[in-house]
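K.L.:
Before anything else, here's the structure in question.
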């Protein structure tokens with residue numbers, strides 16, 4: 001019997017890198033609400049007292065970048081210099097310019113179906129049936145822990161009102177013959193007000209954050225809990241560390257369990273295959289697993305700049321496939337249009353929804369219907385996390401002729 005440990009981590013919405021991701025995606029959302037043809041590549045850096053927003057944008061829209069940036073920071077919970085960062089008073093520097101026409105000529109086409117990829121690159125999507133979210137268990141639990149920290153922190157009349165926005169989690173699982181059987185270690189570090197006793201913090205975190213999230217069946221007397229192991233975490237957020245867009249790509253995806261092509265997501269409109277094709281690859285892999293074609297599935301796609309058709313599509317099921325990987329690949333090519341325009345249409349990606357993705361993972365979330373207001377004041381219905389739907393599983397299963 002083989003036995004091994006595997007670890008994944010996550011960070012909260014108040015982590016400096018996640019502040020940057022959320023600002024970049026808030027800018028993207030605000031522009032897409034007014035201009036569906038916009039091209040956006042927005043990068044953010046946050047450090048003590050300042051947020052720098054830079055990048056390349058081609059759009060007819062106008063947004064109040066300073067007000068938008070401040071709102072994101074304040075909504076996260078950085079509203080006082082006492083906390084270490086204040087959205088009301090921090091500086092906001094706008095360094096956004098226009099996108100290169102050399103890129104535009106490679107992407108835009110008279111026939112939208114022939115829209116070229118915005119850049120070359122390779123992307124991976126992954127799914128597993130070890131959790132209800134079709135995500136690896138370690139990253140799933142890590143996300144839920146920091147999400148719970150934020151929920152408790154923002155709760156009205158919270159008993160843990162001394163919690164601050166910055167937090168990190170880490171979960172180590174023990175696997176026996178490829179099956180998760182126990183939690184070996186948990187790390188939860190949370191920023192807090194000064195004067196909080198370590199004993200009180202540990203007890204509160206155990207009861208209010210860890211217990212509601214961690215499955216009791218995986219906890220045992222040997223499980224190690226490391227709660228604020230340095231003893232104090234008062235200085236956090238952009239004061240403690242400089243934050244940058246796109247620096248948490250493993251947190252954003254599969255926690256290291258699956259491979260990664262290297263491209264970040266936040267601040268990029270759907271013409272950038274770094275983002276849209278990674279979402280599509282997850283959609284494909286999840287439907288393959290939901291169809292029962294495999295217990296685990298990893299899909300790789302790759303592109304050349306200005307070219308519509310993927311340069312490759314490959315599938316790996318790690319020996320768990322109910323049919324050959326080559327057959328699954330043929331089914332994918334038949335049932336999914338993985339050209340850039342095909343992905344955008346298939347997943348309905350051109351509308352505001354991206355700030356929601358910028359914390360607690362881009363994958364393993366539930367599709368959510370919502371409405372938004374465009375630049376004319378008109379209301380529109382849309383769905384976020386559409387790539388998490390399993391609406392093609394039945395067709396795949398039927399085509400594979402599985403009983």
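Heads up, the Cβ atoms here are built off N, Cα and C, so glycines get one too.
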K.L.:
When Swiss-Prot marks a stretch as region 'Flexible loop', which of 77-87, 88-98, 99-109, 110-120 is it?
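P.N.:
Comparing 77-87, 88-98, 99-109, 110-120 with Swiss-Prot, region 'Flexible loop' matches 99-109.
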K.L.:
Out of 17, 43, 56, 272, the binding-site residues in the record, which is closest to residue 167 (ATP binding site) when you go by Cα distance?
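P.N.:
When the Cα distances are compared, 17 comes out closest.
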K.L.:
Work out the three-state DSSP category of residue 43 (K(+) binding site).
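P.N.:
Going by the DSSP assignment, residue 43 (K(+) binding site) falls within a strand, counted as strand.
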K.L.:
If we check Cα distances from residue 43 (K(+) binding site), which of the binding-site residues 232, 248, 268, 272 wins as closest?
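P.N.:
So, spelling it out, the nearest of the binding-site residues is 268.
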K.L.:
Using C-alpha atoms only, work out the spacing between residue 268 (ATP binding site) and residue 56 (L-methionine binding site) and round it to an integer in Å.
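P.N.:
One finds 10 Å between the Cα atoms of these residues.
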K.L.:
If you measure every Cα to Cα pair among 15, 166, 167, 168, 232, 233, 241, 247, 248, 264, 268, the residues listed for ATP, what is the largest value in Å?
P.N.:
36
